[in-house]
Amino acid sequence: MAYKSLLSLALLAVTAAALDVFDNSTEIIGKRSIPNGEGTNNGYFYSVYSDSSVTGTYTNGAGGEYTLTWGGSGDVVVGKGWNPGGPMSVEYSGTYAPNGNSYLSVYGWMTSPLVEYYITESFGTYNPSTGGTHLGTCTSDGGVYDIYTQTRTNAPSISGTATFQQYWSIRQTHRVGGTVTTGNHYACWESVGLPLGTFNYMILATEGYSSSGTSTITVGQGTGTGSSAPTGPSSTTSTPGSVPTGGSVAEWGQCGGIGYSGPTACASPFTCTVINSYYSQCL
């Protein structure tokens, strides 16, 4: 997106059809107002947006699967996930074949403060860190992610035209498939001074900006809690130590929060500490 907001967009829409025909069907990308680009399919929230003269097709598949084929100019972003999002173990798999500027990311929004965020797993020819401020790294799910931020001024958002921050975690080694423990990234962002807000929607998004390509992704929710978080605003990260007896969640692991259904007892000597209403962590 070349640091353009994902929501500086007009909607990818269904031609001459209601949104509910997205269920297990393929539709031609057209144009429609933004509110009609969101819905539920097979138990997952989905979001479909585009601007300018984007062409292609979007398909909602079974479960958490979707397929996008895109081309033309402008920005397009689609994906399946949850509304609201928040700390969870996001599992995904599939194929991703971009030609040009494109990102594959866990993508979402927060409010109070208003934040647009990316946990980028792979990208095409343009590195989304360009123009951002590097704040450190985050080690999670077997990889190292660079943390960046940038201010968007008078840009479109889920709250209308506004000034807001973008948060980025960009994986140093690209991959297509695996687990993304979002709570680890939220903790990393807070540790480098990036405050969290109230979670809005969150999807495993394919985005293309004046490019072309194909992407077939299946997303789901796992049960893991991840493995690490940085100790402060630097490029140094710490990893959990051995798990003593007395509980089931190791240091840095998630132990509570709205929508969380995993274990809540922390390994000794750690304590389940409330970070915000959606995320508690063993510290």
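Every residue gets a Cβ built from N, Cα and C, even glycine.
Here TrEMBL flags Glu116 as active site, nucleophile. The feature active site, proton donor is assigned by TrEMBL to Glu207. If you look up TrEMBL, you'll see 226-245 marked as compositional bias 'Low complexity'. Sequence annotations record features per position, and here TrEMBL assigns domain 'GH11' to 32-220. Residues or ranges marked as domain 'CBM1' in TrEMBL: 247-283. Positions annotated as region 'Disordered' by TrEMBL: 216-245. Taken from TrEMBL, the feature signal peptide applies to 1-18.
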Considering the active-site residues Glu116, Glu207, which residue's Cβ sits among the greatest number of other Cβ atoms within 10 Å?
-> Glu207
As a whole number of Å, the Cα atom of Glu207 (active site, proton donor) is distant from the Cα atom of Glu116 (active site, nucleophile) by 14
Whole-number mean pLDDT, the domain 'CBM1' (247-283), equals 75
